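Below is one structure; the comments refer to it alone.
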Amino acid sequence: MLFTSFRRRKGTGMARKRVRPRLIAELARRVRALREQRNQPRDSQLYALDYETLTRPHSGRRLPVRAWADVRRESRLLQLLARLPLFGLGRLVTRKSWLWQHDEPCYWRLTRVRPDYTAQNLDHGRAWGILTFKGKSEDEAREIEHAMYHDWRLVPKHEEEAFTAFTAKPEDRLNPVPYPPLLRAMILAERQKNGDTSVQEPLLNLERTRVHPWDYPAKQETKGKAKGTPAASYSHFGLEIKARSGPCCGFITWVPQDGAGKAAVRNRVPVALVHSSSGAVPRLKCAGTAEPAPGGPLREATPPRRLVRPIRRHDLPAYSGVNERTFLAVKPDGVQRRLVGEIVRRFERKGFKLVALKLVQASEELLREHYAELRERPFYSRLVKYMSSGPVVAMVWQGMDVVRASRALIGATDPGDAMPGTIRGDFCVEVGKNVIHGSDSVESAHREIALWFHEEELLCWEDSVGHWLYE
């Protein structure tokens, strides 16, 4: 609503209307302030930092020299781990915000890293570890959060012992508290009903009696147990599962030990592993009855008709999972340029296992069979002649998803399209002499390994760092 005032004209009785634009000016001022606020940079833009030039892109100002040493220690997590052998498995990483906010040690101990091999500098991906926050360590490894933040630091090895040293303060003892009035009156009435003449005030003990909410005490054995001797006992998620051997099948009983935890296992099917008397391979039996807690309704557990044991990693066939293999060959130009050691070093630093390696002078017959898919190409004969012009280093590497990862490490076939940091991007100029060959699929790897190596030439040896690479 606009405020108006009236002023009479001289010599006339008419009044002239004059508008006072106070509200319009106020509205325009607020609009300008809102636009200025929207144009202000966010904190992420204001404090963004180019770690190569140590300048802030928003203001263009460069950090003082005395701050360089501290800032260079911080980066994204995968960007930090990509520079380390085996991606820093087993090392400790922390965050600058944790160092500022907490006096207790806060860090992750890396147990698994899965980089994105399609990234230019392998600075993207996922990582898992065991978290220790404010001096308390978790039991199981889980995925590391906020891996893309720019405040990650690597704890130097010679400082790990001092960094993790921590003596926890004794927890304050919780004093009992009185019950609420209504509950207190009910307890006193129950005492009077039972003839208890105690005058002690009922108090609620707040001490934590269980370490974990699922750690329930074992339930007392009830009378009238079924016939037979328990063959196995298993307690998990508040259940006590017992397996008894019978003449034809295993007999399974399960007893909920507490009210909590029933919902978590309501749809679970009891399973027991019963050993046959003849000493044959253990079989899964699937007959069972369910005994609920005393006073509860009787429920029967009906297992499926056939139970199938889940596939473990050691049950997987060769050339799959962590046992996947690929074939690599350093071409004659790579051997002549003394690049074999550099290529082997790159694959070893990524955690892959060398299964076979040999220096051979390949025959034209072998090479024609190897490049049989390119037989119709115009450069086929020239390629065979080039590969037979000198010695070739043939290799077999093994690891998780090694075929795809090796293609990413090698780079595009044309060196002009290969990214910097790849083998062809760093050492190749012409597509006709691109240093290295790698299998492009698992099927091609199978065929090429069988073509270049005999079965006894492939060594199966135990990798001591395998548990740091894979779950």
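Keep in mind that glycine also has a Cβ here, set from the backbone N, Cα and C atoms.
Taken from TrEMBL as is:
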- 323-460: domain 'Nucleoside diphosphate kinase-like' (DOMAIN)
- LYS331, PHE379, ARG407, THR413, ARG424, ASN434: ATP binding site (BINDING)
- HIS437: active site, pros-phosphohistidine intermediate (ACT_SITE)
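The binding-site residues THR413, ASN434 differ in how many other CB atoms lie within 10 Å of their CB, and the one with the most is ASN434.
When secondary structure is read from DSSP and collapsed to three states, PHE379 (ATP binding site) falls in the coil class. The Cβ of ARG424 (ATP binding site) has 22 other Cβ atoms within 10 Å, all protein chains considered. Of all the recorded positions listed here (LYS331, PHE379, ARG407, HIS437), the one with the fewest other CB atoms within 10 A of its own CB is PHE379. Each residue of the domain 'Nucleoside diphosphate kinase-like' (323-460) gets a DSSP state, and the totals for helix, strand and coil are 62 helix, 24 strand, 52 coil.
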